[in-house]
Each structure stands twice: as C-alpha cells, then as structure tokens.
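Taken from TrEMBL, the feature transmembrane segment applies to 155-173, 185-206, 226-245, 252-272, 287-305, 312-329, 362-384, 405-422. Per TrEMBL, the feature domain 'Sulfatase N-terminal' maps to 489-779.
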Amino acid sequence: MKFLKLIVHWLLSFLMCVSFIHYTHLIKNELSASSKINQVKIVAGGPQLYLEGIQINGKYVSSDNFLENDWYVADVDVLTEFYISRSLGDTITISPQKSIQSLAFEYNVTSDRNKIEIFVNNRLFETIDTSKGNGHRNIAFIPLSQGIKMTKDNFIWYLHLIFFGIGILIFIIKGMAWKLNRKKIAILLILLLVEHTIISLSFSLFYSDQLILFNSRFNEINLVKLVHLFSLLTVVCIASFNRLLNKLWKKINKFISIIVFCAVPYLSLFIIENTYSQFSPLSNQVIQNNLLIIWLVYIILSLFFNIRRATLALLPLSLLIGLVNKVMIDSRGTPLLYYNLFQIEDGLNVASNVALQLNNKMLQSITITMLSIIVYTFVPYIKFPKSSATVRCNDRYDTAFLKKFIRIVAGLSLILLFPFISQKIVENADIPLNRWRMYATYGESGLPLSLASFYEDSKITKPDGYSASKLSEVLEKYSPETEKQTIRPNIIFIQNESQSDFSNLQGLSMDPDPLSNQHSLTDNAIHGTLNVSVFGGGTANTEYEVLTSNAISLLSSNLFPYQQIITQERPSFASYLKNKNYETVALHPQTGINYNRKIVYPLLGFEQNYFSDSVPTIQTLADFTTDRSWPSDQFLFNGIKELYKQKGNRPLFSFVVTMQGHGGYLSTEETYPREVSINGSTSEYLAETEFLTSMKKTDEAFADLITFFSTYKEPTVVVMYGDHQPSLSQEFYAQFMDENNPAAKYSTPFVIWSNFDIKERESTTISPNYLVPYLMDILSESDYALPRSPYQQFLSDMQIEAPIITSWGNIDNSGQQIEDISSLSLYQTYLQLEYNSAVDKRPLTDLYER
C-alpha cells in the first residue's frame, strides 16, 4: 500500500511539473521583453477605417499618448475613444518611453478589401486585411517581444512563477499527494467544470476566435488550459505552503492574506470598468472616490458573512454589473441607473431580445474574474468570530455570540449610513454630469461614483419661494371653464412602442412607406412631432409626461416617476376625465409589475387596468396574437374595439401602451419575412427592415381601427404617438441621422384623428407634456369641447414660450435652443405647479381636475 501511495505521489508530482512547464509556455510572452522597439505606426490603407481600444503592452492608450496622428479622434461624449481614417496614408505614431512588447487594437471589418499597415521602427512589419473577420468587428494582435528577460514591468509574472515553483517543490518533498483536502479537491473539480462551461459559452458569443490578454493571445483551447492550469497550480501550491506550520510562515501568511483581501475593491473596480469601458482613463482622484463606495459595500458584506464569502459575492457581482451596463448602453444608449433595480422584469424582457456579443474587454473581465475566484476561494483569510455562542464546561458564557451581534449591528448601521456617506463622497467628488449622454460620465468617472452622482442628481428639491397657497393666484387667472356641451367624446390614447417616422431622413428610401395609412389621414386629422426625452427605452417617462403634463426635466434631470415619486393619488388626465364622469381604462399587454404600472395606474385615476396578469386578463378582450414574439398591435387594437362595443352610457377614456415594436430586432428574413426595404435592399439593414416591417403591420392595424371608429355611433377622438425611437444599428444612425441635430434621435410622430369635425392645423413640434393641452385646445374649437382645467390653460400659454422642454434641451417658438429656461416669464410658475402636482403631499386638485 505504501508503494502504491508512493507511485501515486510521484505521478502527481510529475503531473504538477508538467503543468508548471506548460503554464509557463502559455504565458511566455509575459516573460519576454524587447529593448530595441520604441516606435510603432498604424497606417490606413484608405478612408473610413475604424479603430478602437489600442493597447501597447496590454495597456490601453489614448490619443494623448500619440506622438503624431492624422486620424480623426472621437473623444467627446463617447464611452471609449475611437479613430476614423480620413484618407490613404493617415498615420498614428506611438512612441512610448518603455520598450514595446505588443500592439493590439479592434477594428471594423470592411465590406471592400482594404488594409492597415503596421510599421515597427519605420519598417513594415505586418499588413492586416480589414475585410476579414467573423462579423462586423475584429481584433488585431502583433507580438513584438524578442527574448526572455525579467524587467520591472514583468517582475510580477516571474514572482508568481517562483511561488508556483516553490509550492511544487514543497508538494514533492512533503508528500502532499495524499494530504490534500478532499473537500477542496471536490470544489476545485466543480470550479474547473464551471470555468470550462463559461469559456465555451463566452467564445460562442465572441466576435473573434482569439482573446487578447495582457501581451498574449489565446484561442478557446489555450484559454481553457491557462485557466485550468492556473487553478490547479494555485490550489496545490496554497495547500503546500499551508503545511509550513512554523511561526514565521504563519506571520507571513497572515500578512499576505491581508494584502490579497485588501486588493478586492481595487480588483472589483477594474472588472467593472474594463467590462464596459476602460480602466486606464480614470484619474487617481476618481479611482479613490470609486474605491470608497466599493469599500463600503465590501465591509457591509463582510460584516454579514465573512471576508471570503463577501469577496466571492462581490467579484461576480462586479462582472455582472459591468456586463449589464454594457448591454444597456449598447441597446438603449443609457447606462445602468439605480432605478433599474426596480425594473427587473423589464430588464429580463430586454435581455431576452438582445443579441449579446462579447468584445475583447468583456472576455478579459470574465477571465480575470474566474482567475480571481480561484485565488480567493482557496487563499487563507482572517476569520471573524464564530456565528453561534456556546457554553463552556465552567458555565462561562462565550463572547462569540456578542461579537456576532456587534457585527450585525455594525452592518445594519452601515446600511443606514450608506446613503449619507455616499452623498458626502459625491459632494466631495463634484464630477461634471453629462445628462445628454450619461454613459460618457460613466466612462470618465467610473460606474460606482457616476451611479451615485446621478442618484443624488435625481433628487427633487423644493423650488425657491414655493407655497401652495400662492398657487391660488393661478386659479384666479385661469379660472375653470364652463362646459357648454352635454355630449362628451370618447378619448383613446395609444402610446406606440418605438414608433418613429424616418421618411424625412436624407439618403433613406423606404419601400413601401411603413406609415402610409397614418400619413394618408387628412380628414379630421392633425399630424405633428413629439420631441421626447428618452431614446431606446424609458417608455414610462414619456407615459408620465403625457398623462400628467409635467416636464420631468424641470423636476430633475434624472427622474423616473413611476419608480420614485408616485406613492399616493396624483392628478393626471385620467383623474381629470374621471372627475368628468368618464370611465378610465388602461391597457398594457405585459405584467402589471412592469414599470410598477399596477400600482401607479390606480393612483393616476384609472378605474380599470388590463394586464397579462390582471383579473380579468387583457387576453380576454380579443383573440391573442403575437408579432416578433411580442403581443401584436392588431390584438391590442381589437381589444380596444371590444371595449367600445361593450361600454355603458358613460364616455370612455382608454390609455393603451403597445409592445409590438419593442427592441431586440434579431430575426432573420426566414423567421420574419421583410415587407419593407431600405434603398432597395431588405438584407443590408436587417434590424432596421425588421423594425420597419413591424411598424408597417401596426400601421395596417391602425387603419383597421380608424375604419371601425369612422362608423362608430359616438363621437370619438384617437391620439397615437411614439414613446421613443428604437435602438437600431450604429451604422444606420451614422449614415442617415444628422449627428449635429440633438433632436434627431428623440423625435417621434403623433396623429390626432376624430370621427367628428375638427379644425385643420399645421403640423407642429412639441414635447410630450403639451400633448394633452394641445388636444384640449383642438377640442375647444369643436362641437365636443371639454372645459379646460387651469393647469391645461396655463400650459397652452407655456407652450407658446417653450414648445419643447426635454432632458436633452429646451427649444423656443423660433426653433432656437433656450440657454437659460429659468429666464422665461412663466418658468417659475410652471416649476411650482409641477412640484405641487408631482411631489407635494397635498396637491391642489382644483388646478388640475376642475
């Protein structure tokens, strides 16, 4: 038996030696250095070549580090700096102080054959064919190391190899093969399986077949080897060193453990930032402020659990936050904000319809997280006292329970203090906030600090001189109107998911017109444009502005009312109509928890709400059908018709929020045949033609709805508008959108139609807060006028001064940007009315509902 154990020990020892040698071979580039290469040039083979994420020696560099540059640099309001060549021969010259070991960068794959030439010390070193790649993006890696050499830059690589080497030596000498902890071996095997699965899945979502990590590149097989060998060597070597039980080693071990675990917040921040942006642009002051926030979270987790568990929770959470932030920025154009924590279902809906594609930085972060988890799973740590108290033989009470209690109290105290500490950090940091492109702030100042800063920025402050009693003056000036008609019209509002009108974009030809039926409405129809505050998402904010006529940007630049401020009954168009004896019904073909609607709608005055999980469900109104896996607009419009067929004697107001056009345009032409082409092609812009085809089907369903109400026995007015534009491909926006026009990506169409006579009006552009007052003005000139509330009358005057009030800018009636909206004569009154309506616990309902 002893002989068998000896054989097994030497076989495992041989395996460890082979693993060490193979691991060393995999990272050989990190052990190399070059003393002669001090300049590289990236030369464009033609115009319109796109580069991003240039790395020298595994570290990202910006245009500030260029010696010379002819390429266009996009570094304003962007997440990551990128470069576009203007002409043949455009050159980027990089000449760092340190010797160059490797060069890497990402580039867009070109449809035509083109090239990028790499010159090293003024000699052509490599030519890259930019037409080759697995998708629209590829990565180039040029290793320049010339020989094995230890320097101060790669010293850490040699140090960890020394650690592995000594550990293997101890393993052999101490006969560790039979002394390894079986539980830890089982944990290691499980982690190896998880690592293999994650790497396989990651490469299936990666646009390249090679990961660039530091100065090395790895295909899927080699990356699996790297991670597995690192894991095996780490576990065995830590176990081997733990066999050294002398006092000196124990002190060294404790010291190393402190250093290793103190590095966790820094590692967490690196993983977050590297996943969606870059870590290197962050200044030292910004890094310190971000670390303070992460340290708070880390300490709280450690107090409730222990340091190891807190670490093993924080690092994967950091990766997840970085990935979610990246997906949100790519799909919606907005970063992760704290209110998203209350939109889990909406987030899952988006995730299920977004094609996740990993880039090099994302896969880097996944790899670093896996390697870190291995280290922190097995490295010794300083233990907190045991969780439970015991009674000793001498009946003296053990203090472990007291220590545990103190930890829990300390943890709860820190949770309560967290908002105040975070606020202080934000105030001291005082970072500039880019409210138009919030993701740019995240890239410059880090996610933890930016998220906390935007949270503080979203808080609503009471306007100077605010007094509810003073608002009675508004009632005196805008007294409630007297109702002259006895018959009140039915009113239908349709908030059409992602509806947009691209017919005026230069160079874009759509065949057929996806909004042909809506465009053809002329009799008793008024068309216009909404300038909304959100893009690619934020549906509920447009909803709120339409229903309440409150401009969110005046309350806060970063407010999400459905999740934050609607906790009691609030005046709205629904409550106004309810006060006029209307039935008020809301329809949305998703669950009621989506954007908190099942709580919000009743507080806004809706008597009946139909959701997919309401009682009765929305599916009971009509035969349920889908389009692009979403509830179809034809189904929803059929449901509207059934409501009006079954209505009683009271006039009916229905507010309908559609889903068919929801983002995630991933269908192939086989699974979703295209009915609309762009510039003669249905395949060049697949996402866009899918969206336009879906919009065409909605337009046809809308025509059917208008036909129904054309012969309906009661006066009815229909208002339909888009909540925001869809998040389509960057190539589409770059080619057809005017980047100099801030409203270009925030414009959606609206149409007002009725089955009774209304006066014609020229097309106009307004923001959503004016849509209801605009409708009321139109009705006031018809045979079915409704008495306008003081608030609606005031907004008609406010619209003359500032017809567009949004989060990205304010426009006056001459189409010019309003530099200081507070200078407007009606601004302070509007601000105080909004605060009273949205925030004051005792809103003056007579202003909004009489």
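Think of each number as a place in line: the chain as shown, counted from 1.
Every residue gets a Cβ built from N, Cα and C, even glycine.
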Highest-contact recorded stretch vs the transmembrane segment (362-384), from 155-173, 226-245, 252-272, 287-305, 405-422, CB pairs under 8 Å: 252-272
Within the predicted model, mean pLDDT of the domain 'Sulfatase N-terminal' (489-779): 94
Same-chain residues at least 6 beyond the ends of the transmembrane segment (155-173) whose Cβ lies under 8 Å from its Cβ atoms: 13, 16-17, 20, 23-24, 27, 30-31, 233, 236-241, 243-244
CB contact flag for the transmembrane segment (405-422) and the transmembrane segment (226-245), at least three pairs under 8 A: no
Among 226-245, 287-305, 312-329, stretch most in contact with the transmembrane segment (252-272) (C-beta, under 8 angstroms): 312-329
Chain residues in Cβ proximity to the transmembrane segment (287-305) (below 8 Å; excluding those fewer than six residues from its ends, i.e. six or more beyond): 264-266, 268-269, 311, 313-314, 384, 407-408, 410-411, 414-415, 418, 421-422, 425, 428-429, 445-449, 452
